[in-house]
Amino acid sequence: MSGAALGLEIVFVFFLALFLLHRYGDFKKQHRLVIIATLLAWYLCFLIVFILPLDVSTTIYNRCKLAVNSSPAESNGSYVTLAPSKQKCFKPWSYIPNGIMPIFWRVVYWTSQFLTWILLPFMQSYARSGGFSITGKIKTALIENAIYYGTYLLIFGAFLIYVAVNPNFNLQWNQLQTIGIAAANTWGLFLLVLLLGYGLVEIPRSHWNGAKRGYLLMKTYFKAAKLMTEKADAEENLEDIMEEVRKVSESIKYNHPLRKCVDTILKKCPTEYQERMGRNMDDYEDFDERQNSYPSEKSLVKLHKQVIYSVQRHRRTQVQWQILLEQAFYLEDVAKNETSATRQFVHTFHSQEPENKIIQYFYTPTVEWYWECLLRPWFYRVLAVVLATFSVIVVWSECTFFSTKPVLSLFAVFIQLAEKTYNYIYIEMACFLTIFFLSICVYSTVFRIRVFNYYYLASHHQTDAYSLLFSGMLFCRLTPPLCLDFLGLTHMDATMSHKNTQPTAYMSIMGSMRVLSSIADGFYIYYPMLVVILCIATYFSLGTTCLNLLGFQQFMGDSEMTSDLTDEGKELIRREKRKRQRQEEGENRRREWKERYGNRDDSTRNRVVHTDQKESSFSETSTNRSLSKYTRSNGRTERDRIELLQDAEPLDFNADSVNDDPLESDSGRYQPGGRYLSMSRSKIFDDV
């Protein structure tokens, strides 16, 4: 079992990252390099979180073994170890042999740093570029990242010059490497505390509000009003962009040198717009470079970028609108079924997706009613209380983890109690729950935040490439300081606990922070205390109030703007509900008509065809012209019928004036109003 636990977690974390990426990304439409880079970034960050508890248990075992094998004289040597409670150390079930973890952490850490600081920023610019060739996209990405990379090189170069000139510094390569790691972790810790302070309060509160049916329904109405505004804006933006594409497509003909670029832009447009532009395109008209002014390649690159962005935004809002409608309909069904006497959950609309037969067998309407109307609110309340308790423990430990005598950090107390009995399963479970809760608070905030329309992680495969790559960058920058914060809370970091004990394999890769005493003894200790202020600000919704004052509509219960948007969203949901009800009623009527009269219509149609064949054969010998009107004449060719259909004027049902005179209706003449007068409104549906 020495390497089995490590192998199982490596495989499990890979499928976990793949599942989450499949939920937010689109494997079919997005570029493979974007999918691979994002998957690798997410996978490495999740892997660090899951493997670190194994590193802690292995380190505790190594400390025990070192203490048992060392004599009292040797105990004052390089390591000061605690006296074990037993003379024999039990090897943990997930023990990892020496030499494996340092290599593993070195590969994982430096690969994630290469992704977040070099590769992913370059791929972001490459993905958003509107170039028509690989060379053009690479050139655009290099130009956009020149300032980004140049700033870091300038800072690093200035630091090297300062170290070389100052005689008090005698830094070696390992120390320079530690300084670089400390700089990256400092930037990550600054962002980590901001996200952690929001998640520690918002996650328990969201689960507590999840038990309030009226609250969720009102918030869904509010989201519907905001999403409808965004949806209308996306449609209008797409129409404007498509109009510009149409003008460019009509001006640049088939034999123009830039026609290939226009065809590339047209492929990114929705299908209905492609067909519309294809009908209006005359490919047989030559271009004249002297007479007409044509757009440049730079303007086409800009237009290509706008098309990609507008199409992605339009598709995302359409999908989100349908998902929000389903959520609103379901919450309304829950509110109606709460007073049901039969205790069976009744849906207003049937699910459009086929349900699993196994789930349908066990999750009956009765079970669904008990879960949705009775058990789920209490489950969410209990879960909210548990999460709030964890949040309080985290806030207390963040403010007291630097105290070693006495030990005030509750996480360190739990780990030290388990270390005395060498209960490795309890140690790993405590470490995993601690770092998992911290990761949920931080990562969930990354998934929730939205920076206008530039960064937004939308589920159901609606996240664009730029947002996926940006999330990978954030994960790679936040995970190392998150792990250092966890090791500090549990006193497994020798720098934070001020103990000269054997460090974990992860800390051996990070290096000793004593090279920068101002950061180790100052920033890393006192800055995490700001999480208290951030939690208080999040609890009183100060950020939401500020955004609302700036004009960004936020859901606030006592706000007039919130109530107006809630009423507007409620009316939108009611309108969509009536529309869907009419659609289902029409489908049910057509289905009943087909089931009732389908066979009769088939037999009648066969009888009519048989009678027409008889009349056609009889018309060859009959001389009665009155009967020949109702028979098929063999002398009329197919070409004559096609010409008659082509000469017929189309019906215009949007005419302003309609002549309903029955005398003129019988004449069958066509009037300028656009209608055939033989088709009066009273006789249009006589054949239905």
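Here the Cβ of each residue, glycine as well, is placed from N, Cα and C on the backbone.
Just so you know, TrEMBL annotations are computer predictions that nobody has curated.
Annotated features in TrEMBL:
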type	residues	note
COILED	224-251	coiled coil
COMPBIAS	582-617	compositional bias 'Basic and acidic residues'
COMPBIAS	618-634	compositional bias 'Polar residues'
COMPBIAS	635-644	compositional bias 'Basic and acidic residues'
REGION	566-688	region 'Disordered'
TRANSMEM	6-21	transmembrane segment
TRANSMEM	33-52	transmembrane segment
TRANSMEM	103-126	transmembrane segment
TRANSMEM	146-165	transmembrane segment
TRANSMEM	177-201	transmembrane segment
TRANSMEM	378-396	transmembrane segment
TRANSMEM	425-446	transmembrane segment
TRANSMEM	466-489	transmembrane segment
TRANSMEM	523-542	transmembrane segment
- Task: Count the CB pairs under 8 A between the transmembrane segment (425-446) and each of 6-21, 33-52, 103-126, 466-489, then give me the winner.
- Result: 466-489
- Do the transmembrane segment (177-201) and the transmembrane segment (33-52) share at least 3 Cβ pairs under 8 Å, sequence separation 6 or more? no
- Sequence-remote contacts (6 or more beyond its ends) of the transmembrane segment (33-52), Cβ cut-off under 8 Å? 6, 9-10, 12-14, 16-18, 20-21, 25, 27, 104, 108-109, 111-112, 115-116, 119-120, 123, 127, 431-432, 435-436, 439, 465, 468-469, 471-473, 475-476, 478-480, 482-483, 486-487, 506
- Task: Can you check how the pLDDT averages out over the coiled coil (224-251)?
- Result: 92
- Query: Are the transmembrane segment (146-165) and the transmembrane segment (466-489) near each other by the rule of at least 3 C-beta pairs under 8 angstroms (pairs 6 or more apart)?
  - Reply: no
